[in-house]
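**Student:** Quick one: this structure, given as structure tokens, is what I'll be asking you about.
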Amino acid sequence: MENIKKNDIEIHDMLVKELKRQRETIELIASENIASQSVMEAQGSCLTNKYAEGYPGKRYYGGCEVVDIAETIAIERAKKLFNARFANVQPHSGAQANFAILLALLKPGDTIMGLSLSHGGHLTHGSPFNVSGKWFNVISYSVSEKTGCIDYNEIESLVLEHKPKLIISGASAYSRIWDWERISGIAKKVSAYHMSDMAHYAGLVAAGIYPSPVGYADITTTTTHKTLRGPRGGLILTNNEELAKKINSAIFPGEQGGPLMHVIAAKAVAFGEALKPEFKEYQKQVLANAKQLAETLEEGKLKIVSGGTDSHMFLVDLRPLNVKGKNAQDTLEKAGITLNKNGIPYDLEKPTMTSGIRIGSPAVTTRGMKEPEMVKIAEAIIKVLKNIDNEKIISEVSTDMLKLCQEFPIYRGLEY
């Protein structure tokens, strides 16, 4: 980073501060992880200079024979990783991957179904604040108020009543197993498409420890970061050749222009890492760590939505403590723990305040932490939440979390 230090001291100083923050903070945001230096090197490479509109072998620019190699490697690795016949690695994000499916298969005004944002869904699944909710007629399904789990009977009833053209499964804040097969069966009853958004679960799916939607959903979308531990970006998978053609056209020229070849190369690196045996062991630990966090918090009398987790994340209902999600987020950050405020099912609080928090284990697992460290972290969270106005305790926890981070360092040898 000598060139940045020499030519742009403001950005250099920012990078130094952010690296320090990441090194010295317990990261529990479920959608974040710690990418390898190999991934970051590919993303920071000379490929950032190359325009390559189109697809390998069919570009609208010259000089693409080398970057074609990068994209082809990424495609083949993605197909192998998820056992899919077709893969599009060009989406700049998960949101753009999702919108490409809407663009490929639907017309404005068509009916779609997705999990309600307030019950753990995602903005792109039909939220009125998102283009998916502005352009389409949205019917939302929910989780059971009693169990906190998906109500498949409700889904089937709503599908038969409203006959949507697209059913979206997947979530941004749902910790349990998705029954992809059942949703696909329901979709078939009304000849609807089933799109699975496995953005949060992709790494677990790749490792074979969470059910794969690829054999059931017509289309599967995902991000390439989160549990997959790659660069920020999107990916689309399908086993249907006709749908693959429509998806490719929806991405380019329908939604995007030039693909980000440096990011695609970084995706290829991440997919290669995920194909290695140690990635499966990592994901097993991600799951074990999430379960340990949830169990320890529950032992400390915190309420876990749905009673636990089958994945890398879960929600904590803070109402019994009379603590708001935003207050918890802000105070825990002072204590050296970052996570995010999150609405819980049937939450009466505003989205800017919330009654819950979301906790995830991918980043701390990447550090090398295991169950004993999860107990320490969970006990620290309990201590802070039960003493939320006690500056002395917050300071003590911050010191403890810094020591824990130093025991499990990241990016050794990397200096800005």
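Positions of Cβ are set from backbone N, Cα and C atoms, glycine also.
What Swiss-Prot records for Leu117, Gly121, His122, Leu123, Glu242 is (6S)-5,6,7,8-tetrahydrofolate binding site. Per Swiss-Prot, site 'Plays an important role in substrate specificity' is recorded for His225, and the stated evidence type is sequence analysis. The N6-(pyridoxal phosphate)lysine annotation in Swiss-Prot covers Lys226 and is backed by sequence analysis.
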**Student:** Around Leu117 ((6S)-5,6,7,8-tetrahydrofolate binding site), how many other CB atoms lie within 10 A of its CB?
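**Tutor:** The Cβ of Leu117 ((6S)-5,6,7,8-tetrahydrofolate binding site) has 23 Cβ neighbours within 10 Å.
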**Student:** In whole Å, how far is Lys226 (N6-(pyridoxal phosphate)lysine) from Leu123 ((6S)-5,6,7,8-tetrahydrofolate binding site) when you measure between their Cα atoms?
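**Tutor:** Here the two Cα atoms are 17 Å apart.
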**Student:** Roughly how many angstrom lie between the C-alpha atoms of His122 ((6S)-5,6,7,8-tetrahydrofolate binding site) and His225 (site 'Plays an important role in substrate specificity')?
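**Tutor:** Pair distance, Cα basis, whole Å: 16 Å.
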**Student:** List the same-chain residues at least 6 positions away in sequence whose Cβ sits under 8 Å from the Cβ of the residue listed as 'N6-(pyridoxal phosphate)lysine', in sequence order, or say none.
**Tutor:** Ala30, Ser31, Glu32, Asn33, Ala199, His200, Ala202, Gly203, Pro362
**Student:** From the Cα of His225 (site 'Plays an important role in substrate specificity') across to the Cα of Leu117 ((6S)-5,6,7,8-tetrahydrofolate binding site), what is the distance in angstrom?
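**Tutor:** If we compare the Cα positions of Leu117 ((6S)-5,6,7,8-tetrahydrofolate binding site) and His225 (site 'Plays an important role in substrate specificity'), the gap is 21 Å.
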**Student:** Sorry to bug you, but what's the C-alpha spacing from Gly121 ((6S)-5,6,7,8-tetrahydrofolate binding site) to His225 (site 'Plays an important role in substrate specificity'), rounded to the closest Å?
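**Tutor:** Each residue's Cα considered, His225 (site 'Plays an important role in substrate specificity') and Gly121 ((6S)-5,6,7,8-tetrahydrofolate binding site) end up 18 Å apart.
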**Student:** Return one of helix, strand or coil for the residue listed as 'N6-(pyridoxal phosphate)lysine', based on DSSP.
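**Tutor:** In three-state terms, the residue listed as 'N6-(pyridoxal phosphate)lysine' counts as helix.
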